[in-house]
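Below is one structure, written out as structure tokens, with a few remarks after it.
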Amino acid sequence: MSNPRHNEREVRSPRGDELNAKSWLTEAPLRMLMNNLDPDVAERPHELVVYGGIGRAARTWDDFDRIVATLKTLNDDETLLVQSGKPVGVFRTHKDAPRVLIANSNLVPHWANWDHFNELDKKGLAMYGQMTAGSWIYIGAQGIVQGTYETFVEAGRQHYGGNLKGRWILTGGLGGMGGAQPLAAVMAGACCLAVECDETRADFRLRTRYVDEKTHSLDEALAKIDAWTKAGEAKSIALIGNAAEIFPELVKRGVKPDIVTDQTSAHDPVHGYLPLGWTVAEWRAKQENDPKAVEKAARASMKVQVQAMLDFWNAGIPTVDYGNNIRQMALEEGLENAFAFPGFVPAYIRPLFCRGIGPFRWAALSGDPEDIAKTDAKVKELLPDNKHLHNWLDMAKERIAFQGLPARICWVGLGDRHRLGLAFNEMVRNGELKAPIVIGRDHLDSGSVASPNRETEAMKDGSDAVSDWPLLNALLNTASGATWVSLHHGGGVGMGFSQHAGMVICCDGTEDADRRLERVLWNDPATGVMRHADAGYDIALDWARKQGLRLPAILGN
């Protein structure tokens, strides 16, 4: 029997200003869905896998075809409902309603675990959407580069006087998310040694200039890191190997990185983490015929790696979990102090979230890189005093290779996002841009996620696991008129550990879009300020007052 999730066809988004659908509001999700499966974007496009273990864009290839066909005929007063990658219904709504509403991987809490999900997945009843895979706004590794860069810069500020020159970062994983780490480290002024078990992923990062060099030798990798740091150069190297083997070996040798983290796909113990002593081919085969054995061996291996990370931490080396739930896996394997070192959000990012600052991103539906160059310039024009952001945009222009449709990631917050959206829409209206653009974000944002081991770890009021907030965020974005809205479970950290929402809005140059953009791009980050103000963060409370938010139970207004 043929595999409904495997097809050798090549998918690429249309370019230019010619419509394949009835309007840009349906053309936009069509192009971004297809862009998610572009071979220059997705990790395993022939299997519908975009990134993050088994994060897919559609449940099966038949479902992909049905979604495409439906979007091509969808009217501007209709909404398509997508249930775990399957187009289940079209309903009449109104012109300001989302054209697509997506729910991926959601399970009743008692059943929200990998065993039950994998059973449903095997029967063809579910799909893992990760965060931006099933919500059709993945833009390649660039999507996490700036967040990783901001994390490394803040780590340098806290631990090394704001200067990472001559220092190096040890990490694992070069997949769709982890692949951003070497480039982010170099942009922050540091060297990076990234351990990756799958050589094809390292080659992908080499091809797209996210990593500088590759080796199979630990000794060679360390020699290069030593030479680069002594010379004050910022360069990166991918080491083909298993992090569960390499990290303990470095501890044994007494090697001391300056920062330690990890972005293997440890959130998924079957599809995301190579067990110690296994070949990649053996691992892939047993995922299908003996997943329980894979999970058992992978979890034991994660415990070994986390113990090594604890050893680095206990040696005084800044060590953080980068949101893949590897500490939780080690804890469940009996490593009682697995959470001794922090996650990256409470350690470095939360003050940004308190002001609604997060991973704002946009993509040029024209396919023309010049449209991104023009929007980059517009950002600088509208935010003239944000020199840190200007520096980021300059580095991004120089170092980041576009994957699929040209796109940009740019961390901005409440008060700035709607201004940029309106300016971009005006650029479409007056012909400065060759076609409309879409604006979206990662689900990793200030008000759109509940994830106690990542974004909402160690909240001031103890509300880490309260998931009302992403539900309210999705509802508000729907009411505000986003072009498509998504509500997912399990992204980043795996089944049972997160709920999160996403939105994308199309700048088609119309006055209707102006009104929608102003609502969506104000309300969306405002929910993040609200959420952190409710938890008692002074930065968020002050920002809420400054921005004039009406928060009756929080500000009493």
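A Cβ is built for glycine as well, from the same backbone N, Cα and C atoms used for every other residue.
Annotated features in Swiss-Prot:
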- 1-20: region 'Disordered' (REGION)
- 52-53, Q130, 176-178, E196, R201, 242-243, 263-267, 273-274, Y322, G492: NAD(+) binding site (BINDING)
- C410: active site (ACT_SITE)
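Location within the structure of each feature annotated in Swiss-Prot.
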| residue | record | Cβ contacts under 8 Å, 6 or more apart |
| --- | --- | --- |
| G52 | NAD(+) binding site | Q130, M131, A133, G175, G176, M177, S265, H267, D268, G272, G491, G492 |
| E196 | NAD(+) binding site | G172, G173, L174, G178, A202, A238, L239, I240, G241 |
| A243 | NAD(+) binding site | G172, G173, V195, C197, D262, T264, Q305 |
| Y273 | NAD(+) binding site | T264, S265, A266, A298, S301, M302 |
| C410 | active site | Q146, F360, R361, W362, V379, L389, W392, L393 |
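Of all the binding-site residues listed here (G176, G492), it is G492 whose C-beta has the fewest other C-beta atoms within 10 angstroms. E196 (NAD(+) binding site) carries a strand DSSP state (E or B). In the three-state DSSP assignment, the secondary structure recorded for G176 (NAD(+) binding site) is coil. Broken down with DSSP, the region 'Disordered' (1-20) shows 0 helix, 0 strand, 20 coil. Classification of A243 (NAD(+) binding site) by DSSP places it within a helix. Counted within 10 Å of its Cβ, the other Cβ atoms near S265 (NAD(+) binding site) come to 27, all protein chains included.
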